[in-house]
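Trainee: These came from TrEMBL, pasted as-is:
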- 19-200: domain 'Glucose-6-phosphate dehydrogenase NAD-binding' (DOMAIN)
- Gly21, Ala22, Thr23, Gly24, Asp25, Leu26, Ala27, Arg28, Arg55, Asp98, Ile99, Lys161: NADP(+) binding site (BINDING)
- His191, Lys195, Glu229, Asp248, Lys354, Lys359: substrate binding site (BINDING)
- 203-500: domain 'Glucose-6-phosphate dehydrogenase C-terminal' (DOMAIN)
- His253: active site, proton acceptor (ACT_SITE)
Amino acid sequence: MADIQNLESLQTPGAVFFIFGATGDLARRKLFPAIYSLYREGKLAEDFAVIGVARRPRTPEEFRDDVHRSIQEFCRYKVEDTAHWTRFAEHFSYKSLDINNIDGYVELRELTESVESRFGIPGNRMFYLALAPELFGSVSFNLQKGGMLSSGGWHRLVIEKPFGYDLLSAQKLNEELNQVFKEEEIYRIDHYLGKEMVQNIEVIRFANAFFEPLWNNKHISNIQITLSETVGVEERGGYYDHSGALRDMGQNHMLQMLTMIAMEPPSRLYPEDIRDEKVKVLRSLRPYATPLEVKENVVRGQYTEGESMGKHLPGYRQEDKVDPNSNTETYFAAKVFVDNFRWAGVPFYIRTGKRLPVKTTEVVVEFKQMPTNVYLGQKHTLEPNLLVIRVNPMEGIYIKINAKKPGSESAIEPLAMEFCQSCQVGINSPEAYERLIYDAANGDSTYFTRWDEVATAWAFVDRIAAAWAQNPGDISTYPAGSWGPEEAAELLAKDGFHWWPVNGQEEDNVIWISRG
Ligand SMILES: NC(=O)C1=CN([C@@H]2O[C@H](COP(=O)(O)OP(=O)(O)OC[C@H]3O[C@@H](n4cnc5c(N)ncnc54)[C@H](OP(=O)(O)O)[C@@H]3O)[C@@H](O)[C@H]2O)C=CC1
Ligand SMILES: O=C1O[C@H](COP(=O)(O)O)[C@@H](O)[C@H](O)[C@H]1O
């Protein structure tokens with residue numbers, strides 16, 4: 001394993017990065033731009049190579065043109081210097097190959113060995129599978145059979161979500177992968193774990209003496225996690241209609257964020273120590289015992305036609321490649337409990353959905369009210385204190401406190417003290433995929449999901465999915481461009497809470513003090 005204490009100063013070790021699915025959407029929008037950003041920042045050593053693999057024929061020049069276009073469109077750095085571009089692009093090769101056909105792997109091995117000898121790469125190979133999950137098993141088996149795993153260096157498999165459709169299919173997939181790769185060689189991507197502010201949750205919690213003593217059920221009344229999107233299903237209707245919001249966002253990104261908020265401090269910052277703490281949280285999630293409990297605690301919804309920013313939006317059932325009678329949820333909200341000493345009795349409210357009014361990822365930690373309100377006589381109700389962690393698109397944190405209105409005798413007003421990281425750091429903030437590719441190349445698995453995390457998350461989610469499957473038509477609707485079904489507000493109202501506004505849509509009465 002790399003010396004993870006010194007990662008910030010490391011260049012990646014010499015390696016070949018294989019991108020299986022190199023003609024696909026993920027490679028174009030995320031992977032090529034991430035590799036280019038790492039190169040621009042000097043984080044990739046010169047002894048690297050990228051081999052793109054997919055069925056479509058491409059000459060090396062055509063492939064490099066694809067990469068160039070993707071960078072110009074999606075990367076935070078643009079290509080400006082031709083000589084610099086040529087030096088970067090010469091590291092890229094392409095192999096047209098049907099993953100299921102073993103014959104092509106002989107040529108792939110020959111190409112790999114010639115590239116390794118040209119750039120002096122010591123046999124380290126990282127296989128990034130930007131492919132449909134049905135192909136994961138076949139490709140890993142054929143990599144072994146085709147002699148791609150017998151070079152002298154390390155071999156790592158990076159795989160995209162979804163990791164299975166439920167616990168059973170995930171177990172089957174994992175068994176297939178384990179026939180070829182050891183657990184420590186498998187890097188399961190959850191790109192939310194690569195986001196700056198998701199990683200910052202750990203620092204905010206474990207590097208600030210005034211949060212940790214309050215971070216428990218004695219002082220926190222509830223926690224809200226929102227992952228809202230304005231987009232619909234775009235071109236991914238075929239995949240999404242089979243998946244739905246619970247599997248697409250809930251099983252992975254939402255529960256991973258919850259673990260970062262709820263985990264105990266690890267004794268050391270080694271990957272396995274952190275992952276041990278995260279899996280303990282997942283094991284402590286209170287399972288819904290009956291379909292009735294699911295109904296009472298989990299809201300599901302599907303968007304109908306609506307409007308956003310003056311634009312008419314179609315309903316989900318009218319989207320491309322979606323069944324016109326589909327009951328797939330495009331929204332869910334849930335009340336979740338973490339049954340351990342720290343969190344007993346504190347509800348975690350989580351929600352995600354497509355076609356909501358704003359794109360945002362935010363965590364709101366709401367603190368308990370003061371034991372008594374000494375200002376009640378002066379007719380002041382006190383707002384609860386909040387800590388808000390903004391993950392996306394705004395990055396930063398703010399705390400909301402009550403303060404005396406300057407100049408008045410007794411008026412109290414809520415005051416938000418904000419650090420806006422995205423305002424300060426802006427364009428230099430690394431994209432999630434940059435960080436994750438960099439970490440995988442350096443052998444740091446901290447921000448990848450371990451098998452027991454994936455399995456435990458599926459076990460929790462499967463109960464919800466099974467209850468829904470008993471009554472598929474029992475789904476609420478919400479107009480596209482709204483905040484989801486009304487039942488989601490009732491979920492909190494029953495407990496005396498409400499969803500706090502997100503993404504800068506704060507209440508008018510708050511005074512802002514910002515740095516950034
Ligand atoms: N796109 C995104 O934003 C995200 C995607 N993901 C996941 O990433 C993975 C890839 O997604 P995405 O890029 O959108 O998918 P695409 O459908 O756009 O791309 C799939 C790629 O797989 C290649 N491919 C398909 N079958 C074969 C085969 N038999 N042999 C060789 N290559 C093959 C295709 O190339 P060709 O047709 O030339 O063979 C293409 O390059 C999926 O698991 C998805 O769930 C996860 C999060 C976000
Ligand atoms: O994994 C996924 O994430 C995206 C949202 O990611 P973000 O980084 O833009 O917040 C979501 O649109 C997609 O459906 C899902 O598969």
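Glycine residues also receive a Cβ, built from the backbone N, Cα and C atoms like all the rest.
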Trainee: Need the DSSP three-state call for Asp25 (NADP(+) binding site) to compare against my parser.
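Mentor: Looking at the DSSP assignment, Asp25 (NADP(+) binding site) belongs to a helix.
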Trainee: Of Gly21, Arg55, Ile99, Lys195, Asp248, the binding-site residues listed, which put a C-beta under 6 Å from ligand 2? Please answer none if none do.
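Mentor: The ones that qualify, in sequence order, are Asp248.
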Trainee: Measuring Cβ to any atom of ligand 1 with a strict under-6 Å cutoff, which of the recorded positions Lys195, Glu229, His253, Lys354, Lys359 qualify?
Mentor: none
Trainee: Measure from the Cα of Asp248 (substrate binding site) to the Cα of every one of the binding-site residues Gly21, Asp25, Arg55, Ile99, then give the nearest.
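Mentor: That would be Asp25, nearest by Cα distance.
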Trainee: What's the CA to CA span in angstrom from Gly21 (NADP(+) binding site) over to His191 (substrate binding site)?
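Mentor: Answer for this pair: 17 Å between alpha carbons.
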Trainee: So among Asp25, Arg55, Ile99, His191, Lys195, all listed as binding-site residues, which is physically nearest to the residue listed as 'active site, proton acceptor'? Use the C-alpha atoms.
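Mentor: That would be His191, the closest of Asp25, Arg55, Ile99, His191, Lys195 to the residue listed as 'active site, proton acceptor'.
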Trainee: Would you give the longest CA-CA distance, in whole angstrom, between residues of Gly21, Ala22, Thr23, Gly24, Asp25, Leu26, Ala27, Arg28, Arg55, Asp98, Ile99, Lys161, the set recorded as binding NADP(+)?
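Mentor: For the residues that bind NADP(+), the greatest Cα distance is 21 Å.
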Trainee: Which one is it, among the binding-site residues His191, Lys195, Glu229, Lys359, that lies nearest to Thr23 (NADP(+) binding site) by Cα separation?
Mentor: His191
Trainee: Any idea what the Cα distance is from Lys359 (substrate binding site) over to Asp25 (NADP(+) binding site), rounded to a whole Å?
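Mentor: Here the two Cα atoms are 21 Å apart.
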Trainee: Of all the Cα pairs drawn from His191, Lys195, Glu229, Asp248, Lys354, Lys359, the residues the record ties to substrate, which distance is largest, in Å?
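Mentor: That value is 20 Å for the farthest Cα pair.
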Trainee: Restricting to the chain of Asp25 (NADP(+) binding site) and a gap of 6 or more, list residues whose Cβ falls under 8 Å of its Cβ, or answer none.
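Mentor: When sequence neighbours closer than 6 are ignored, Asp25 (NADP(+) binding site) has Glu235 within Cβ distance under 8 Å.
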